Each structure stands twice: as C-alpha cells, then as structure tokens.
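As recorded in TrEMBL, the features of this protein are as follows:
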COMPBIAS  288-299  compositional bias 'Polar residues'
DOMAIN    5-38  domain 'DUF6533'
REGION    288-315  region 'Disordered'
TRANSMEM  24-48  transmembrane segment
TRANSMEM  68-88  transmembrane segment
TRANSMEM  95-115  transmembrane segment
TRANSMEM  146-164  transmembrane segment
TRANSMEM  185-207  transmembrane segment
TRANSMEM  213-230  transmembrane segment
Amino acid sequence: MKVHYALTFEEEVRYIWREPKNGFGVVVFFLNRYLVPLLLAFDLSGALAPNPSLQYCVFWYLLEEFGAIFSIALVEIILMTQAWVLYGGDKKMKIVLWTLLGMCFAASFILIGIGSTEVTVGASKNPGAPGCVAILTAHVQFWQFWSPWMFLSIVVFVLTIARAHAHAKGDVTTHLGEAIMRDGIYYFGIIAVASTITVVIFVAARVSLQSFAVPWFQVIASISGSRLLLNMRRVRAETITQYVPVTRARRRPPFDYNSLSSFSAHRRLTSSQRPLFLGSPNSQATWNYSPSGLETPDTSPFPEYPQMHRRASLD
C-alpha cells in the first residue's frame, strides 16, 4: 500500500487536490484512500496491544467487521457510479443500484449479528502473542458475509458488459466511456479474485488464520478503488485538454476615444487600432481568441442604423 501511495501521489495532487473538496468523487476518494488505512492501523494495534481490556477488544472486533463492510462498500459505490455514468445518468438505474447497495448493507449487518453470537472476543492468553483475539466456533460461516457483495459486483459487471457490447456496435464512442468500461471490467476481475480468495480462507483455513482474510481484502479494495477514481479523473482531464483549445490573450494599448470625430472615423480604423471593449479612455482590454470572436475590418462595436445615421462629434 505504501508503494501504491508513492507511485500515485503525483496523480492525486493533480486530479484530486485541485478539484472542489465537496464533490462526491473527491469525498469517496479521500475516504477510500486514507480512512481505510487508519482502520487497518487500528486493527493492527489491537492485535499487538499488550494486556488489552475486554471492552477494547470488543470494540476492536466490531470495528474490524464494520470496517470490512465499509471498505468493500466504497469500491462498490465507485463501480456503481461508473456504470451509472455509462448509462447516461439514468434515474431508474440509480434507484436500482442504490437499493441493491442498501440490501447488501442490511444482509451484511444481519450476518455479522448472527455470527457474532458464536464468537468469543478477549485478550490473548499466550505471552508470546499479546493483543486481542476473536475465537470462532465451527458453526460460524463468515464466508456468507461476502455473498451479497459478490452478487452486487456481478450485477454491475453485467451492466458494464452490456454497455461494452453496445459500444462494439458503435453506440458509445467517447474516450471516457471506453476507459470506464475497460477499468470496470479489469477491476471487477480483481475484486472477484480477492473476494474468492477471502471466501476460500474462511471456508478452508484454520480458525487462527481466518483473521488475516479481512485486512488483506481491505488493502486490495482500497488500492483498487483509488486506482479506479484516478484513472477516470485522468482520462477526463485529457479529454477536456484535447477538445478545449488553450489560447493566449492579446493586450492593446489604451485607446484615445477623443481622437475620433465621428462614427465614420471609427470605421476607417484598422482591426488592430479599434477598441475591443468600450470603457474609460485609460482602460486596457484583453481578448481571448475563439472561432466565433474573430475581428474583421468591417466589424464595429457600435450599433448602426443607416436611415438614422448622424455625424456626431465626440469632443
């Protein structure tokens, strides 16, 4: 995780820190990027704490379980958001996806509540291995905890594949859409493999080794979520740079309006001599060139009506 932070810190500064901090994507990124490592640090401190109290160990166990829900939920929210963007921000799809997310939360809480009745939490009695321990009985099947989230991942994956099929027919042509579909498929595979390994650990490993499954999955989920958001921000920035030309401004010297004796005198000025904006004689104007804002020798900032034209002195 430290290596990942070092490799992506420059992209984080460029694409995240310079964005408004109240944006949904920025908030999700910071939660996934920094809060999850804090949860892992607390989990490690609980496992290494000398002579911890029973209350501390219970809190450590609950935070570990709900932290796992939080980690996987953040990644699923990122994948859901990308799928929702691929379908043009459809409101019905948004309602369906968030309803499925709520059902996953409810199912996870119920499964944790049922499984926690078969778990004994306390301080380790082994002098060589201090800290909090969670002793699971043979009746606890914590692999079922991952079932709702794997189902949600499959739903999002199917939606992404369907959009990729439409892209193959030419219905989707944006570079950002292609990147979202590619990353969605790749990272679904990563999360699916990580979830499968976690389930296998809970099913086949000894009870003493099952506690390593959750922190390992949290690391994979945090790195995957950060990578997803950074890739999407990078592609969006490159798309904007590609289609919005960067132009330079031109500055003119102050224009002396008293030098004009009539509107006709203004029309005789060349394009470089005319004032770009009307204002005080000492004001300076700056113009950003665009295809629709080019000057020609025949343009004039004054509204002209040939039938009522009068020579007017500006002295």
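The count begins at 1 with the first shown residue.
Backbone N, Cα and C atoms are what each Cβ position is placed from, and that goes for glycine too.
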- Query: Sequence-remote contacts (6 or more beyond its ends) of the transmembrane segment (146-164), Cβ cut-off under 8 Å?
  - Reply: 72-73, 76, 79-80, 82-83, 86-87, 93, 97, 100-101, 103-104, 107-108, 172, 177, 180-181, 184-185, 188, 191-192, 195, 198-199
- What parts of the chain pack near the transmembrane segment (24-48), using Cβ distances under 8 Å and only residues at least 6 beyond its ends? 1, 12, 16, 56-57, 60, 63-64, 67, 70-71, 74-75, 77-78, 81, 130-132, 211, 214-215, 218-219, 221-222, 225-226, 229-230, 232-233
- Would you list the DSSP helix, strand and coil counts for the residues of the domain 'DUF6533' (5-38)? 28 helix, 0 strand, 6 coil
